[in-house]
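Worksheet: one structure, shown below.
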Amino acid sequence: MISLDSLRSLVTGLGTSKDKGASASYYFQPLGPDELNAMHRGDWLAQKVIDIIPNDMTREWRNWQAKQPQIEKIEAVEKAPLINLQVKVNLALKMARLHGGSVIYIGIKGTVDLSEPLDPRSIGRGDLAYLHVLSRYEVTCGETVTDVTSEFYGQPSYYEVAGANGAPVQIHPSRVVRFVGAPVLDRRSVGNDPWGDSVLQAVYDAVRNAGSAQGHIAALIPEAKVDIIHMPGLGEFTKTEAGRAKLTARFTYANTMKSMLNAVLLDGTGGAGKDAGGEKWEQKQISFAQLPELLQSYLSIASAAADIPATRMLSQSPKGLNATGDSDMRNHYDNCTARQGTELSPALNRLDEVILRSALGSRPAAIYYEWAPLWGLTEKEQAEVFKMKADGARALAGAKGGPLLPVNALSDALVNTFTEDGSLPGLEAAIEEHGTLADQPETESANENTEQPESGEEGEEGQPTRRAANDAKPRPLYVSRKLINGREFLKWAKEQGFAKTLKADDLHVTITYSREAVDWMAMGQSWGGEDGKLTVPAGGARLVEPLGDEGAVVLLFNSSELAWRHMGMREAGASWDHPEYQPHVTITYEVGDVDLSQVEPYRGKLVFGPEVFEEIDECWAENLNET
């Protein structure tokens with residue numbers, strides 16, 4: 001006796017032979033190549049189902065992890081006109097998804113017998129000549145390899161293509177890169193066919209229903225408004241040819257009058273109810289209220305069937321309060337990234353060996369690649385990531401204690417990181433010119449070898465040089481940078497109507513004002529140029545606003561360098577009296593009659609001198625001079 005655990009109802013017939021779904025079953029009807037081609041070429045939804053995932057999988061391509069000269073040689077081979085690997089892989093993936101399979105033929109210079117296996121170890125520099133993409137219908141497959149000890153198990157024993165003069169040529173499976181569309185899991189059902197199904201096979205009904213719904217809704221548009229005319233004795237007119245001619249002439253004339261005078265001419269009394277007589281005219285309109293939701297449902301089903309989010313498939317904005325679509329796109333890109341690892345990388349393994357040997361003449365074991373991220377970061381997110389990497393490296397280098405890693409090794413790793421992610425354009429060329437951190441000559445401590453002028457003596461640019469602290473005793477700290485192009489800045493201020501301004505020598509930007517005592521030596525150093533200067537480029541967001549309770553009027557501006565430097569000192573123990581840090585230059589403490597809302601902010605570049613470390617002067621305001 002067989003017992004089935006299922007829900008049944010003898011009253012409604014659910015789960016019994018009376019169930020309306022009892023006779024339903026699945027059947028498989030393969031789509032032919034002609035219909036698949038017609039769908040891809042003639043239906044926008046089917047075309048997107050085929051093209052979107054290959055386009056996203058190959059859009060950012062991959063990053064080789066090797067020395068820069070090696071990377072340049074490898075990429076030169078990949079981008080050669082007859083190879084163009086990224087484009088060829090994209091095309092092969094589309095063909096495989098459309099027809100169920102495709103191959104990329106690997107053309108090697110000097111090959112005589114294509115039926116012989118391709119040994120990547122025999123490839124020399126420049127031996128890779130070209131790559132050709134062929135669909136499953138352009139090649140004939142030999143018997144499927146059934147030997148489980150063979151590396152080509154489950155693949156054709158050979159591929160046959162048309163050669164010169166149409167003569168068939170057999171190609172060993174090691175000489176092609178094989179792509180399969182939707183894999184057939186039960187190989188017994190396909191016999192000797194080594195290919196998969198088209199991805200359109202499983203989504204056919206969903207795509208067709210979405211297209212049909214769109215077409216039917218479009219067909220309703222001409223019927224949105226229909227004129228209905230009631231005519232007494234209409235049947236009598238249609239009995240004879242003369243009557244039908246009179247009927248046609250009657251309504252032709254009525255329609256002409258409607259077009260000329262925007263009026264409907266009818267024969268009748270115009271009365272209502274019992275008094276009604278003669279012809280009657282009315283309009284019927286079709287309601288489209290629920291049709292957009294219905295069409296959207298069909299399109300959403302098609303998107304789900306294709307495993308592509310609607311925001312990507314339909315190029316539409318996400319719906320819902322505070323919806324951004326980021327989660328949908330992240331899931332989509334995660335899917336593409338997973339496919340890169342499970343579909344592309346294994347398929348390209350042998351070809352990659354050929355590319356490396358053709359580019360370098362050998363196969364260094366340390367070289368590998370990583371798929372480039374598909375999710376792009378905004379400029380703000382990139383800056384935040386850059387800061388986190390820099391802060392992490394500073395922590396590993398021992399900002400507050402001993403280093404956790406060898407500093408030179410950490411520097412080399414950081415240079416490679418910033419080069420690969422493009423955070424610092426031109427870094428690689430600069431390293432080649434100036435050398436790495438390990439290449440720099442060791443310098444003795446400035447505190448031990450630099451003679452300091454006595455207190456009160458003037459240093460460069462006539463500025464009093466402060467005595468350096470020769471110990472690491474914690475003390476309050478004030479760090480600033482002088483504005484070098486102060487005269488240009490003050491010229492702008494005078495043009496804007498400021499009668500009194502700070503002197504050029506007093507113009508500066510504050511980086512740190514720590515009332516808490518800190519170890520000055522733990523503050524690190526700035527990332528400016530060799531001369532210690534920092535230039536904030538012209539333009540960008542700038543405002544002239546009052547600041548604080550002292551009547552100061554300042555120019556607010558943005559500088560990632562200053563912000564990161566400030567945060568680095570905060571993390572090293574410096575205090576700050578305000579909720580956040582905003583770089584600014586004080587213009588004046590006496591605004592006078594100037595209407596700040598009418599002031600045009602200074603747009604030129606700001607050039608600041610080296611950082612100045614000094615103790616906090618609580619009487620700093622008494623030393624300010626305005627002119």
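Placed from the backbone N, Cα and C atoms, the Cβ positions cover glycine too.
Listed in Swiss-Prot for this protein:
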- Tyr105, Glu614, Trp620: 3',3'-cUAMP binding site (BINDING)
- Tyr105, Glu614, Trp620: 3',3'-cGAMP binding site (BINDING)
- 437-474: region 'Disordered' (REGION)
- His508: active site (ACT_SITE)
- Thr510: active site (ACT_SITE)
- His584: active site (ACT_SITE)
- Thr586: active site (ACT_SITE)
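Feature annotations (Swiss-Prot) mapped to structure.
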{"residue": "Tyr105", "record": "3',3'-cUAMP binding site", "contacts (Cβ under 8 Å, 6+ apart)": "Leu131, His132, Val133, Leu134, Val161, Ile171, Arg175, Val176"}
{"residue": "His508", "record": "active site", "contacts (Cβ under 8 Å, 6+ apart)": "Ser480, Arg481, Lys482, Leu483, Val585, Thr586, Phe608"}
{"residue": "Thr510", "record": "active site", "contacts (Cβ under 8 Å, 6+ apart)": "Tyr478, Val479, Ser480, His584"}
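In three-state terms derived from DSSP, His508 (active site) belongs to an extended strand segment. There are 14 other Cβ atoms within 10 Å of the Cβ belonging to Glu614 (3',3'-cUAMP binding site).
All chains included, 20 other C-beta atoms sit within 10 angstroms of the C-beta of His584 (active site).
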